[in-house]
Amino acid sequence: MENENTMKREALNSDSSHEQHHQQEKETKKKKLVLLIVNCILLSVGQVGGPMMLRLYYLHGGQRKWLSSWLQTSAFPILLIPLMVSWFKSKSKFHSQSQSTNVDHVNPGFLLTRKLFIWSVIVGIITGLDSFLFAVGYSYLPVSVASLLLATQLAFTAVFALILVKQKFTPYSINSVVLLTLGAVILAFHTSSDKPIGVSKSQYFLGFFMTLGGAALLGFMLPLIEFVYANACKVITYDLVMQMQFLVSLFATVFSTIGMLINKDFQAISREANEYGLGETKYYMVLVFTSILIQLSIVGYLGVIFYATSLFTGILVTLLIPVQQVFAIIFFHEKFSAEKGMSLALSIWGFASYFYGEYRQTKKKKNRDKVPISHKEIPSEV
């Protein structure tokens, strides 16, 4: 009788433990999904709004390339707000653990290892160079053409993701890459009539190739960040991602600051503000909003890579390109052609294909990994 009761208790405890573990996994996945959506929104707002503000700077008399490069990362001090909140939480937890156990714990406030610090510096310098390439591109190209060239980052991302992080491709993800790239190629047929007034042929091609180089560098950087996460030799948390983001933007800003000092851009700001087409006040507003919006996109980049993959990040960025087209038509009165409409349709189709493929994969994995709650046969009492 005693053995039978023991077996019953063990079976019930096993069922309860399994249900509790399943519930915890469900809550964790829900939290990750919410944070992924938040980072997708940050990336979307910054990716659409940042280039628009950057182009607005050039349209009304802005000419400083290193200044516009500097603007793309210089708003990193706003990251101190979430970092300080995280630090105070870590400090409170550290003190409570020390008092309850009477054992010295390592203060978890600063999470970066030496290896991650070095990688953050490297990625920061690459980001600074990428910012300069896009700054030159947007100075000579309309938003529609620049965003078209940015779409090519998806092909670069796919190749580098395959090399660096051994990204597994499904028929749906391949279909998505093909459709999104095809949408960008279709837009290419309409670029000839979009050359801005006052831009020479040589300047147009300089902007073309600098933007293309920026897209290639971005396509390399996204899988590189995922590679760093995978080889960090420690658990990657979002607090750690934010600390990395702070350092990446800091060193990218240092890179651009050196360029500004050499080019004497700091001395030219006040003069440029006085001569700006929209007025001095709006000049500084454009600079501030450009900086904040692009910083939001960088935060979104690292967050989406952390909660998804670099390939998904590249696909999301490419999806946003037709959205940029629409805003360029509304605010900059750029022409909307049949090619742009077709590109928009293909981009939405490609994005839907990727999501459907992910849904299928998740469903298969769930069915494969699903372990039914064990109902052991319990002998009936005599």
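Placed from the backbone N, Cα and C atoms, the Cβ positions cover glycine too.
If you check TrEMBL, you get these features:
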REGION    1-26  region 'Disordered'
TRANSMEM  33-58  transmembrane segment
TRANSMEM  70-88  transmembrane segment
TRANSMEM  116-140  transmembrane segment
TRANSMEM  146-165  transmembrane segment
TRANSMEM  172-192  transmembrane segment
TRANSMEM  204-225  transmembrane segment
TRANSMEM  246-263  transmembrane segment
TRANSMEM  283-304  transmembrane segment
TRANSMEM  311-332  transmembrane segment
TRANSMEM  338-357  transmembrane segment
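Under the criterion of 3 or more C-beta pairs below 8 Å, with sequence separation of 6 or more, the transmembrane segment (116-140) and the transmembrane segment (33-58) qualify as touching. Counted over residue pairs 6 or more apart, the CB atoms of the transmembrane segment (146-165) and the transmembrane segment (311-332) come under 8 Å in at least three pairs, which marks the two as touching.
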